[in-house]
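Now, the feature entries from TrEMBL:
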DOMAIN    93-146  domain 'PAS'
DOMAIN    166-232  domain 'PAC'
DOMAIN    264-397  domain 'GGDEF'
DOMAIN    406-660  domain 'EAL'
TRANSMEM  22-43  transmembrane segment
TRANSMEM  49-74  transmembrane segment
Amino acid sequence: MGGKVNTELAQAAQQLTVSTKVFPLLFLALGSISTLATVWVFAAGDSGYSVGILGKLSVAGALCLLGTFALYLFQLNRTLSHSIAESREQDLRLKKLGKAVTKSGCAIAILDGRGSVEYINQQFEETTGYSMQEIIENGMQILHPKIYVNGHLVPIKRTEWLQDAWANEVQTTRKDGSVSWASVSVSVVDNHELPLASGADPEPSSSGKTQGYVVSAIDISELKNLNHEMQRLALNDELTGLANRRLFVDRLEMQLRVSRREKNSIALLFLDLDKFKRINDTLGHDAGDQLLITVAERLKRCVRANDTVARFGGDEFVVLLTDITDPLSVTHIAQLILASLKQPITLNQHEIIVSTSIGITLAPTDGLEAESLVKNADLALYRAKDQGRDCYHYFTEELNAQAIRQLVLEQELRLALNTNQFSLAFQPQFDFKQGRLISVEALLRWNHPSQGMVFPNDFVTVAEETGLIVPIGNWVLRNACKQIRQLQVVTGRNIKVAVNLSMRQFHDEQLEDNIAQALQYSGLKAKYLELEVTESMLMGDVDMVVARLTRLKSTGVSIAIDDFGSGYSSLSYLRKLPVDVLKVDRAFVRDIPEQLHDMEITAAVIAVAHKLGLKVVAEGVENIDQRDFLMINRCDYAQGFFFSRPLSYTGLNEFMQRNECRQKFELSIYPPEDIAGQSGSESWLSTLPSNTTSH
Ligand SMILES: Nc1nc2c(ncn2[C@@H]2O[C@@H]3COP(=O)(O)O[C@H]4[C@@H](O)[C@H](n5cnc6c(=O)[nH]c(N)nc65)O[C@@H]4COP(=O)(O)O[C@H]3[C@H]2O)c(=O)[nH]1
């Protein structure tokens, strides 16, 4: 705008110059014409005529002269009025500009060509807390301005920012010592931008000499704080304040670059609290949170300030140890962590002790990529857990090979499901009182194209981890119901079938629908289907478990607890659960009669289960002593190699046909009141075949 005003002023000045040059020329021309006319008249010699002409010419000249003068005055007046109007307008504009600067919401400072402050506006004073006088006297450096350079806050050099179009986010310190942030921009004022003196020519921009600087700043402290908070939330774990996975991986990548450059090692420790879920479920989430906070604090105390402790979520923590010179120091820190976390923690007035498992990997020895190192440490952690928890384990190539094998297994399992490679084996369960087969347990088999028969213990864990167990489990459910219903029709006997549920299936919201569909599709009545859940699946929030079991039972099926005794549930906990059958874990039956302790436990479990109105199945009965012990202790049902190995559908059919008459006979020799003290005696059971085509 200033430039336009200057141009207009220059034009007016030029007009005035032109007018003042034209007037004397006109005057001279007219004077010359009248003089020439007079000379010519005198030369002609006719004085009377000449005087007359001369007089007329003189009058004409005088009139012309007057006219021209009047015209000149008119022109001059117009130019002057125009200039006055323009200068008023410019004055007004300048006033407006001045007001805009003084009252601006931006903090504005005007500096002279040497960078000394000449003026700051009201907003500048309010934002910084300094008066104009203080800023003029001390300069901008009193604000301790800093900017980010390569991720670090550094003071701004004076020469750095006093240049045209400089713009940056600047951190300053207010008079009260608080820190603020401003978005600052600088404009240079050249001399050609200043109002021009009358008649002066505007100079080209390049040759303009710096007359001063205008610095304008907008306070962005709030925005910056918000940004900082968002960044904190994005990079830090909200609960513990530790780095989160993103920040950790960033730091890991940075440290990998440093370690490559400086040729030193780093270590990554992956931690998982043992049985954290149980603490969370029993003491509540607030206690769980408190525990995680305490663990975070303890971990920080175990490492140096420049090491990183992060929380990946849940109860997973990761520690990055840098600049390792002695590999033993990593073991030492792992031991320190194990010991530190094992110190008692008070939660909700309960003193608890947590242990942890740690997986360790080293770079560059085990890998050079952040992603693979995290994976390595995770694999090593799994191995530490497998080894009984509360310990650390280093990553090895064997672990890696095992992980690859699992990946292959996962792909093979998917193929197996789509190409019908699964089949079922059925292991009979006998009723001691009736002396007959009353039920079978359906057991999954995988007919691997190259490895032959594969047993569930070799693939169920991977199927569970990958979630494939859900479709595989549904396949088992449908086929078990279908084949047993078929067998019921063929043999005319309404035997039951027990199907194993996996953890994932148990929590699958579709399970009830899948059960209903399997029953409907097969025509099997719900009362002939039993679901086996393991003790470990029932751990946790008792109300939730009861609700889940109640929903399952509403489909009409019965529920058995498999491997009872291997977990941590008490018999009093059991009382609350709507279950029908207890299966005593094979581990207790195995050492009967050698282990007195196991015999006592088994007898106690049977007695209490009966008190709770539950039936008891003993698993893994392999010999006559075990059978007799169980009979004497009034166990209801038995299953094991002593009676029959798992059989194919055809094998089971044959088995049932063969034993029909014998079972009738055996019924009569088993009056419950006669069995006390009969351990080791011969009975109908010893006549059952212990060798049949097994599956
Ligand atoms: N040493 C010994 N073993 C005996 C004896 N009697 C039976 N067994 C074996 O013990 C296992 C009994 O099944 P489980 O405890 O439910 O244990 C099962 C069950 O937890 C799981 N499983 C089997 N089928 C399925 C299934 O369809 N779904 C799920 N989720 N898991 C299954 O795999 C486990 C192992 O199954 P299998 O290899 O078929 O092994 C079977 C069976 O062959 C005995 O007298 N001595």
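We number each residue from 1, going along the chain as drawn.
Placement of Cβ uses the backbone N, Cα and C atoms for every residue, glycine included.
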### Message
Within this structure, do the domain 'PAS' (93-146) and the domain 'GGDEF' (264-397) have 3 or more Cβ pairs under 8 angstroms, counting pairs 6 or more apart in sequence?
### Response
no
### Task
With DSSP as the yardstick, break the domain 'GGDEF' (264-397) down into helix, strand and coil residue counts.
58 helix, 41 strand, 35 coil
### Query
When the domain 'PAS' (93-146) is classified with DSSP, how many of its residues are helical, how many are strand and how many are coil?
29 helix, 11 strand, 14 coil
